[in-house]
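Chemist: Structure provided below as structure tokens; questions to follow.
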Amino acid sequence: MEDYLQDCRAALQDSRPLHVVLGNEACDLDSMVSALALAFYLTKTSEAEDIFIPVLNIKRSELPLRGDNVFFLQEVKIPEPALIFRDEIDLLALHQAGQLTLILVDHHILPKSDAALEEAVAEVLDHRPIEQKYCPPCHVSVELVGSCATLVTERILQGAPETLDRQTAALLHGTIILDCVNMDTNIGKATPKDSKYVEELEALFPDLPKRKDIFDSLQKAKFDVSGLTTEQMLRKDQKTVYRQGTKVAISAIYMDLKAFLQRTDLFTDLSSFCHDHSYDALVAMTIFFNTQNEPVRQLAIFCPHEALRMTICGILERSTSPPLKLTPIPSTSPNLQAYHQGNTQVSRKKLLPVLQEALSAYLDSAKMASGQSEVAVGMSREQVDKDLDKASNSLISGLSQDEEDPPLPPTPMNSLVDECPLDQGLPKFSAEAVFEKCSQISLSQSARACTSNK
């Protein structure tokens, strides 16, 4: 595949029409591999000897955030410099010149920023329920399976199986296994078609890695943040709550909060992160398993604005729906409040409405202050609590995206983001969701063990 990718890069320099296979904006492993494998197959089988160029729909600088992608590319010996990223090709200019044909893989909806490219879309291959209102008017192939790589495998094996080499087979095989959580029937992500094509790949290439080995390796790489900067760790799995000009980032971090807080120059990095991205506050949710294989969750609220920080902390501490069961943890910075979260069943998805509530309470207080730039500076905790009472009995519904962000495209089911708003099919398993499922399994096993010992 390396020679093919070099040909793709050379084709970018030619003044000729291009066929581009574009993955989704999350660029998770499924999206990346599906784009690579499908473009490679289409190039090999093109009667007109056209070249189909796989484009990873992120900036090159963002690839390190996707540890499983980086690991797998190294594992199958595909050099990163050979890949083509979204910031290295001007799709709009190509389209305006009449030189672009676009194939969407692992998504079927273009974001508002790419709306002009819809006319260039010639085909869609996706594994989520179709949204007719937004889907491009072209050939659309959609089937509810656990991994889009399964549909790419099917296309290859039904069309021209002789074109499939071991390197591409390894990419598809590992991706399906990761997406389908090692084909675990208890989790229920894998469909019969996913299982069928994993078995067919293993039959064609018996030396492919054992399922458990490749799943464990990819899963470990996916959660590994050891080589990331603080900003990369915060951006790796992040959502944003936005309300009337106030923005709060919520980042999932897969390590012990104690270790995170001991990072060199952490508070400088947190301040820079909030300043550079115009966040008024940052909520870090740390998630990991302890030595007894029990799930542990912790919270850290970083905010230089005292009134906003007190409001967020007050709402979280007082929350009963859901109850977080927070225990304060000492902090070395006055701008950061840390907690141990006793209720490990409260995921980020469940926390988002509580944070929306906190923003509403803060903005209500700001209105009462009538024009003060910093609300209630010097206000006592008891006074803040009185204001919080007005909002503490109800949760504010709404999206957890910036108001400027388009609600589309839906994020992939296996990406690092929590949920796809259009997906009503197979269960969604993000990194956060996989952790939550594993937590439930771990707790269930512990309960059974206690029962059997009685």
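Yeah, the Cβs are placed from backbone N, Cα and C, and that goes for glycine too.
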Chemist: Can you find which of ASP90, ASP106, ASP114, ASP256 Swiss-Prot lists as binding Mn(2+) 2 at the same site as ASP30, ASP179?
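Modeler: So the Mn(2+) 2 site in Swiss-Prot includes ASP30, ASP179 plus, from the candidates ASP90, ASP106, ASP114, ASP256, ASP106.
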Chemist: Among THR327, THR411, which is the one flagged in Swiss-Prot as phosphothreonine?
Modeler: THR411
Chemist: Looking at phosphoserine as annotated by Swiss-Prot, pick the matching residue from SER61, SER392, SER415, SER442.
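Modeler: According to Swiss-Prot, the phosphoserine annotation belongs to SER415.
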Chemist: Do you know which of SER195, SER319, SER400 is annotated phosphoserine by Swiss-Prot?
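Modeler: Record lookup, Swiss-Prot, feature phosphoserine, residue SER400.
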Chemist: I want to check the contact list for MET1 (N-acetylmethionine): same chain, sequence separation of six or more, C-beta distance under 8 angstroms. What comes out?
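Modeler: The list for MET1 (N-acetylmethionine) reads LEU36, PHE40, ILE78, ASP165, GLN167, THR168, given in order along the sequence.
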Chemist: Could you measure between ASP179 (Mn(2+) 2 binding site) and ASP28 (Mn(2+) 1 binding site) for me? Cα positions, answer in whole angstrom.
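Modeler: Cα-Cα, rounded: 10 Å.
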Chemist: So what's the mean pLDDT when you look at the region 'Essential for homodimerization' (394-421)?
Modeler: 33
Chemist: Can you tell me how far the Cα of ASP30 (Mn(2+) 2 binding site) sits from the Cα of ASP106 (Mn(2+) 1 binding site), in Å?
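Modeler: About 7 Å separate the Cα atoms of these two residues.
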Chemist: Which of the three DSSP-derived classes (helix, strand, coil) applies to MET1 (N-acetylmethionine)?
Modeler: coil
Chemist: Take the Cβ of ASP28 (Mn(2+) 1 binding site) and count every other Cβ within 10 Å, whichever protein chain it belongs to.
Modeler: 29
Chemist: Per residue, counting other C-beta atoms within 10 angstroms of the C-beta, which of the binding-site residues ASP30, ASP106, ASP179 reaches the highest number?
Modeler: ASP106
